[in-house]
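S.K.: Input: one structure, supplied below.
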Amino acid sequence: MGRDFYDYLDEDKPAAESSIGSGTDKTLESTVMKLTTANVNALLWSTALPYICGFLLEGLAFIGDYNLVIYYPGFVGLFGMALAYPVEILMCKNITLGYGLATASAIQKALAKNKASLASSYLAHYILLSLLWSVLCTICLTPSTVPLLKFMDNYQGNERGMAYSRIVFSTQNFANIFTNSISQVLAVENRIALNFFRHLGSSFLFILFDYIIYFISSFYSAKIPELCQSSAIAYTLAHTVISVWILCVLFKKTAFDIPIKTSLDLKLKRFWPLKPKVIKTIIVGGLPPILFNSTIPATILVCNILVSRYYTSLETINASRLKFITYLRYNNLFMFINNGFNQAFITTCGFNLGLRNYGRVRQLIVASALWTLVLSAILGILMFIFYKSVAQLFYPVLTYHQTELEWKDTQRQYEETYEAVALASLGPIWMGLFMTVSSIAQLEDKFLVFVLLQISRIVVPIIFAISAGLLIQDNAKLLTSLPIGDGVAGMCCLTFLFYYLQKYKHLSLIEQSRKENEALEAQIANLDALND
């Protein structure tokens, strides 16, 4: 096998600095013991449940923001937000999130090799790279907001969403570095409670600030809430507050005045000198999750451009954009089970893979794939059957401050979104299985396998959307392309799933045989020593 780049990077450091100190030895030992010996199903559930609750809260917070937009500026606010939202996800969330996931994977491998110094260096380089991207995005993307949205809107001059976009493009990357993007890094050492409070705090503060800002701004001008900048300001404020708290936790190693035992030592000396191999590992390792998380927003972005150029009716264009933003918000909500289990799977599987506990890796793959498939199928089928009731459950009631004619128009627009809610419930059915296979490919650094999986998911919906937009135009059901793409990707990943199950079955047998041989050799050596 030879030495890998972890050994190469840390070879010039003294042993005391390269290994985990005595104060953190017990922390890592207890974490490894739990992740490698506990019952697989119990371990997966105990790790996933707080994340499931956290992602559920986050999804509900975005649904709450969606409803506040409907309540104050009305659906016209969503038309503009729908233009900017895919770009927001692609440029202001996915890049730093990809860096965070790659950093977490690298930290797991470093800790498995007992190299806390290198693991801390990865964390510091993640912060530097994320800050650099945030600065570049602010400098390059913010000034181009107007031409970008006009291009997406076929130069119709629609101003809705522009104020929202300027705030998002200039601030949201910075706000996400220490909140959403760092969550997997916090999960490396099984900081479940810390991650849960991060989810809880950011979701609660987002809705609180959102409501206060919309409520106050509605008194000054009807135009202010219509531009939806209140949502962008609320998100930035909420995540800034949580970012300050997470930074204090990382530097002071305390949360709620409770000391946190951690192997990661974030100090200023970790930020310099820069290590090219660490930077390369984070950037290259971040590409797979960036690609995975960009599939849906990229397809929605293409659909947004298609409807503005090939749809002939302004009413149809607005209805389509309303469906797009509705799909994104409800799909994010319905993915809470898959996202929670995937966080747990990456955390538990990463350690066992680093320790070459291949039999346990296979058990985790089976458990994660089955639980996510069964639970997301139950959830998806129920949501698809009762999609109207689900949509009506969340929508705000506006009858008491609307005329009868306005309320009829609102009801008609509500009905336009029902299809999006139903379709959003279908995608997550296959995504749990898909995410499990994608995660194991990422943990193994099998970039080509990961890319092939993502291509199967993104090519089908985009080709379908472009063909339908060109040929059918106003009658095209562009959103149908997204669950079709998820279904195709789910079927494709079954082949890789069976491959990984067989692979780790054989690897576990080889590893077991090796350990038995080592034990036998040790016994023979002991007998020889006694005879001498």
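Any Cβ shown, glycine's included, is placed from N, Cα and C.
TrEMBL does not curate its annotations; it predicts them automatically.
It should be emphasised that the depicted structure is a prediction, and the values quoted were computed from it without experimental measurement.
Among the features that TrEMBL reports, transmembrane segment is placed at 42-63, 69-87, 94-111, 123-142, 200-220, 232-251, 364-387, 420-440, 447-472, 478-501.
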S.K.: Hey, would you say the transmembrane segment (364-387) packs against the transmembrane segment (42-63), going by three or more CB pairs under 8 A that are 6+ residues apart?
M.R.: yes
S.K.: Taking the transmembrane segment (42-63) as reference, which of 123-142, 200-220, 232-251, 420-440 has the most Cβ pairs under 8 angstroms?
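M.R.: Looking only at 123-142, 200-220, 232-251, 420-440, the most contacts with the transmembrane segment (42-63) come from 200-220.
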S.K.: Where else in the chain does the transmembrane segment (232-251) make close Cβ contacts, counting only residues six or more beyond its ends and a cut-off under 8 Å?
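M.R.: Distant Cβ neighbours of the transmembrane segment (232-251) are 65, 123, 163-164, 167-168, 171-172, 174-180, 182, 186, 194, 198, 201-202, 205-210, 212-213, 260, 264, 266-267.
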S.K.: For the transmembrane segment (447-472), find every same-chain residue at least 6 residues outside the stretch whose CB is under 8 Å from a CB in it, and list them.
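M.R.: For the transmembrane segment (447-472), the sequence-distant neighbours (Cβ-Cβ under 8 Å, at least 6 residues beyond its ends) are 284, 287-288, 291-292, 294-295, 298-299, 302-303, 306-307, 310-311, 434, 437-438, 441, 478, 480-482, 484-486, 488-489, 492-493, 496.
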S.K.: Which bits of the chain, at least 6 residues beyond where the transmembrane segment (200-220) starts or stops, bring a Cβ under 8 A of a Cβ in it?
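M.R.: Tertiary neighbours of the transmembrane segment (200-220) are 54, 57-58, 60-61, 64-65, 68, 71-72, 179-180, 230-231, 233-235, 237-239, 241-242, 245.
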